[in-house]
Amino acid sequence: MSERTVQLGSAAPGDVSRWRWAMADGVVLTGRALAHWVRQPAQVLVGLLFPVLLVVMFGYLLGGAMTVPGGGDYREFLLPGMFAMTMVFGVEATYAAVATDLARGVTDRFRSLPMASSAVLTGRAAADLLHAAVALAVMLACGWAVGWHPRAGLPAAAGAVGLLLLLRFALIWVGIHLALVLRRPESVVVLQILVWPLGFTSSAFVASESMPGWLGAVAGWNPLSATVTACRELFGNPGSGGGSFAAEHAVILAVAWPLLLVAVFLPLSVRRYRHLAG
Amino acid sequence: MIEADGLRRRFGATVALAGLDLRVPPGSVCGLLGANGAGKTTAVRILTTLLRADAGRARVAGFDVGRQPDRVRARIGLVGQHAAVDEVLSGRQNLVLFGRLHHLDAARARRVAAGLLDRFGLAEAADRPAGTYSGGMRRRLDLAAGLVHDPPVLFLDEPTTGLDPRARAEVWDYVRELSAAGTTVLLTTQYLEEADQLADRLAVVAAGRVVAAGTPDELKAALRGDRVDVALARAADLDAAARVAGAAAGAAAAVDAATLRVSVPVQDRVGALAAILPALADAGIAATDVVLRRPTLDEVFLRLTGAERGEVAA
């Protein structure tokens with residue numbers, strides 16, 4: 001046994017060093033995810049441009065036939081919805097990354113190393129949040145290009161960006177948990193389909209007031225609607241009003257819903273990960 | 001270096017391990033031999049902290065796998081189907097990643113990676129994605145990934161499954177090299193030849209427990225299945241040769257007409273040989289070859305596990 005291995009094994013006593021290693025391991029794994037993007041630029045680019053394509057589709061092809069309740073430009077109305085949808089699409093990437101590592105045996109390799117077990121999850125979360133920030137920046141630029149503007153001041157706009165990233169953060173834990181439960185990379189197709197009914201039964205594309213009564217109510221309370229409506233409010237875009245309780249308290253709900261998701265799915269994910277040892 | 005006592009593990013209604021005991025002394029190569037589903041992989045997963053045992057205790061490199069998994073992990077390397085490399089990253093990026101996760105600093109991780117890439121003949125392919133590697137290169141990278149921290153104990157879970165003969169021989173050479181340098185190795189394999197080639201000691205696993213353990217020679221001798229095989233020049237001599245050789249050795253001889261061979265079980269190896277050859281010569285039977293042999297590990301394995309020949313992939 002070499003001297004070095006002895007040192008390594010005994011380097012874990014204090015809580016401080018344990019935290020330090022957990023952070024360091026998380027950073028190393030975040031770096032791994034970044035290296036993946038550098039190695040697969042086409043895949044990253046397609047992922048970033050897909051919501052841009054949707055903006056063109058909905059904003060220009062379908063947008064002419066859309067009316068915004070209370071008046072206003074449809075693209076101004078659409079963009080906050082597309083920002084939120086971009087965050088929702090991210091759940092697919094989270095799921096695929098975690099499920100692929102599990103299926104290929106990479107997760108087992110990590111579990112056989114003397115690293116902090118939390119780092120596998122925190123590293124993934126940090127990487128995906130970084131990716132979300134880039135995706136959101138691309139979408140903000142895209143919005144700017146099609147005539148969307150934040151019209152309620154910079155602090156409010158920053159708040160909206162914060163709410164969007166909070167939604168993504170919550171969805172990271174949903175994606176990680178689903179991957180740890182389903183374990184099949186192919187099942188990402190199910191998510192790719194399910195994000196659409198989730199998106200359409202929210203106020204992302206059309207105002208919930210324009211839907212049949214019961215559907216409007218469902219859409220109004222859809223967690224996604226909370227973020228979308230709050231963003232419309234904070235960006236000063238049209239369509240943020242509406243008489244319902246959910247619409248009146250959109251910002252509070254846009255904080256509460258994601259926090260609830262995190263409170264449920266983060267502990268579940270950690271438990272599932274620990275449970276891989278059976 | 002590896003001590004397991006009464007390891008048990010079930011998956012639902014399936015019993016994977018039914019009280020497995022194992023001792024691997026420091027510096028030795030132990031072969032865990034068994035058919036698919038015998039429990040080899042479950043044993044390795046428990047010993048490498050990937051899986052909890054339902055009952056029993058195991059210590060690896062001096063630490064309890066259940067209670068001190070991090071201490072164990074710092075001292076083991078795992079190579080095999082179950083601990084893969086990242087196929088998107090290059091070989092070098094993989095080794096640096098695993099080095100960093102073993103808490104080597106960045107410069108040291110890079111140095112170690114470069115050294116291992118050289119040692120395993122991967123320097124040229126170092127910066128290509130691991131997904132583009134051939135089977136043999138992949139396995140060499142797996143092996144290197146298990147060695148970034150120079151572990152005193154190495155677990156090889158079916159390290160040559162799916163490799164062509166040349167790649168297999170390469171892996172064998174690396175294992176011999178590591179063993180010569182003092183690394184303790186636990187190797188699981190379905191290949192009897194591999195166990196015979198590499199292992200100092202064997203443990204034959206069937207239905208979740210070790211049914212026989214010892215050196216390859218001990219296992220073969222334990223069956224007392226030494227035989228003298230005589231190859232004949234003429235098919236017409238087969239029956240006479242079986243009668244004469246059988247009488248000389250005091251046992252019933254088996255006849256294999258296809259290969260013109262007569263095979264006699266013997267107790268006193270040299271004495272039997274000395275009796276059989278003159279008896280054949282006296283009877284005017286021409287032998288083209290005579291072999292005194294121990295049973296092959298295949299025969300030992302089949303006897304111990306009670307498996308049908310066709311069921312064991314070798």
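The backbone N, Cα and C atoms fix where each Cβ goes, and this holds for glycine too.
TrEMBL entries are annotated by machine, without manual review.
The transmembrane segment annotation in TrEMBL covers A:42-62 (among others).
Residues or ranges marked as domain 'ABC transmembrane type-2' by TrEMBL: A:42-276.
Feature annotation from TrEMBL assigns transmembrane segment to A:82-104 (among others). Proximity of distant same-chain residues to the transmembrane segment (A:82-104), defined by a Cβ-Cβ separation under 8 Å and at least 6 residues beyond the stretch ends, is recorded for 33, 36, 47, 50-51, 54-55, 58, 110, 124, 128, 131-132, 135-136, 139-140, 143, 160, 164-165, 167-168, 171-172, 174-176, 178-180, 182-185, 187-188, 191-192, 195, 198-199, 202, 204, 224, 227-228, 231.
Packing against the transmembrane segment (A:125-146) from elsewhere in the chain are residues 26-27, 29-30, 32-34, 37, 47-49, 51-52, 55-56, 59, 75, 79, 82-83, 86-87, 90, 93-94, 97, 161, 164-165, 168-169, 172-173, 175-176: each is 6 or more residues past its ends and has a CB under 8 Å from a CB in it. The transmembrane segment annotation in TrEMBL covers A:125-146 (among others).
Positions annotated as transmembrane segment by TrEMBL: A:152-176 (among others).
Per TrEMBL, the feature transmembrane segment maps to A:188-207 (among others).
Residues or ranges marked as transmembrane segment in TrEMBL: A:250-270 (among others). Note on the transmembrane segment (A:250-270): residues 118, 121, 159, 163, 166-167, 169-171, 173-174, 176-177, 180, 223, 225-227, 229-231, 233-234, 240 of its chain, located 6 or more positions outside it, place their CB under 8 angstroms from a CB of the stretch.
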What same-chain residues lie close to the transmembrane segment (A:152-176): Cβ under 8 Å, and 6 or more beyond its ends? 80, 83-84, 87-88, 90-95, 98, 121, 124-125, 128-129, 132-133, 136, 140, 191, 223-224, 227, 230-231, 233-236, 251, 254-255, 257-259, 261-262, 265-266, 268-269
